[in-house]
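In TrEMBL this protein carries:
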type	residues	note
REPEAT	4-38	repeat 'PPR'
REPEAT	39-73	repeat 'PPR'
REPEAT	74-108	repeat 'PPR'
REPEAT	144-178	repeat 'PPR'
REPEAT	179-213	repeat 'PPR'
REPEAT	214-248	repeat 'PPR'
REPEAT	249-283	repeat 'PPR'
Amino acid sequence: IPPSRTTYNNLISACGSGGHWKEALEICKKMTENGLRPDVVSYTSLLNAYGRSGQPEKAKGVFDMIKQNSLRPNIVSYNALIDAYGSSGLLAEAIGMLHAMEEDGVQADVVSISTLLAACGRCSQIVNIDSVLSAARSRRIKLNTVAYNSAIGSYMSVEEYDKAVSLYRSMREDNIKPDSITFNILISGSCKLKKYAESLQFLDEMMDLNIPFSKEVYSSLIHSYSKQGQLTEAECIFNMMKGTDCSPDVITYTSMIHAYSIAGNWMKAWELFEDMERNNIQPDPILCSSLMEALNTGCQPEKVLQWMEDAGIQPTLNMYRSVLSYARKDNSMEHANLIQERIIEAKISVRVPRLPTLLNYVEKEEEQKKRGRGDSSLVPHPRKIVVGGVAECTPAKDEKLERPKNNIEATTGSQCMRILKCSTSEEETIRKHIN
């Protein structure tokens with residue numbers, strides 16, 4: 001039985017939801033080879049694949065092909081393109097598509113609004129969050145749980161805590177039931193803004209509504225309790241989680257290890273790490289850094305480094321710096337030199353702004369030697385350290401270290417469009433395989 005257009009569309013859609021654009025394009029090619037022309041669903045699914053893989057201009061190219069093939073884009077097509085722009089941080093282009101769809105006689109729906117609200121949060125545009133909500137009201141689009149979550153999350157991301165909470169209260173007044181995602185946003189957002197008491201109030205509301213906890217909620221609660229010095233409560237939440245179907249993951253373990261670090265209990269942190277290993281949970285660099293902070297309090301800073309070396313995991317520069325921080329407090333010059341040797345042996349690329357801590361030890365040691373010889377001419381001078389086979393000059397002690405500018409942050413929306421714009425040959429490939 002030859003596959004039908006519906007079968008092909010379902011396959012393209014499955015690839016599109018995961019951002020597998022190459023596979024989606026290949027299925028479109030086979031579809032045309034078998035005598036079936038793509039329809040608006042086919043194009044929209046391919047458009048979605050490009051959007052999910054961070055290629056908004058290619059998504060726009062597919063969108064244009066819908067019209068070029070005498071087809072009419074539907075609401076799903078427009079929303080997919082809005083999402084493609086929004087996910088890539090191109091907020092102006094996303095808003096422009098909202099106006100374009102209405103000019104084409106396609107009315108925006110709650111999905112359009114939700115997608116734009118999420119994009120505002122990614123771009124940290126508080127004014128546009130307010131504008132999108134106002135646009136929803138003027139169009140009489142009633143927000144659902146997903147839309148409220150997007151708006152609350154966007155306000156939290158730009159640190160507009162009061163607006164986020166106010167919108168949550170409006171959500172309850174409109175009889176829109178919050179879900180676990182809503183409370184994860186509220187609890188984790190409160191923790192990030194150091195409003196730990198408020199995060200626990202949302203916990204009470206969540207329990208009153210009998211909403212099940214997610215892994216993210218458990219992790220946020222552990223973090224909140226630990227920041228308030230309530231280690232027993234943090235342990236209770238962790239043990240509660242282990243007794244449910246929601247098993248702890250690396251994020252949860254990281255939160256609990258951080259709690260022990262704050263409490264200065266490095267032995268508990270290490271025991272928890274061993275428990276994680278027994279449960280076959282792979283640690284990540286963030287967890288290792290948290291564990292190292294905990295072990296520093298117990299004068300065991302190299303324990304994690306040794307474990308990572310035995311496991312064949314390359315420590316990061318920040319982990320070495322954590323050990324250096326301990327060495328500085330302990331005035332251990334020998335320890336600092338040992339870490340310097342390890343950094344060089346590991347061939348980790350170290351830039352100038354990241355070396356002052358290490359150089360501080362070297363300068364102190366040389367000053368002490370000069371004082372011992374009666375040499376008072378302690379003139380600061382540039383130093384050169386060979387890292388990974390490359391000699392890098394570092395400023396003298398009294399020179400100002402400047403952090404390199406982030407070109408991405410300075411890039412405008414129009415510049416992003418040019419950077420992401422697909423080449424003519426790529427568009428021709430799409431046309432060849434689809435038309």
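Heads up, the Cβ atoms here are built off N, Cα and C, so glycines get one too.
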Model confidence for the repeat 'PPR' (39-73), as mean pLDDT, reads 92
DSSP-wise, what's the residue breakdown of the repeat 'PPR' (249-283) into helix, strand and coil?
27 helix, 0 strand, 8 coil
The repeat 'PPR' (179-213) resolves under DSSP into 26 helix, 0 strand, 9 coil
Same chain, outside the repeat 'PPR' (214-248) by at least 6, Cβ under 8 Å from its Cβ: which residues?
180-181, 183-184, 187-188, 190-191, 194, 196-197, 199-200, 203, 206, 254-256, 258-260, 262-263, 265, 276, 279, 281
With a Cβ cut-off under 8 Å, give me the same-chain residues at least six positions beyond the ends of the repeat 'PPR' (179-213) that come close to it.
145, 148-149, 152-153, 156, 159, 161, 164-165, 168, 171, 219-221, 223-225, 227-228, 241, 244, 246
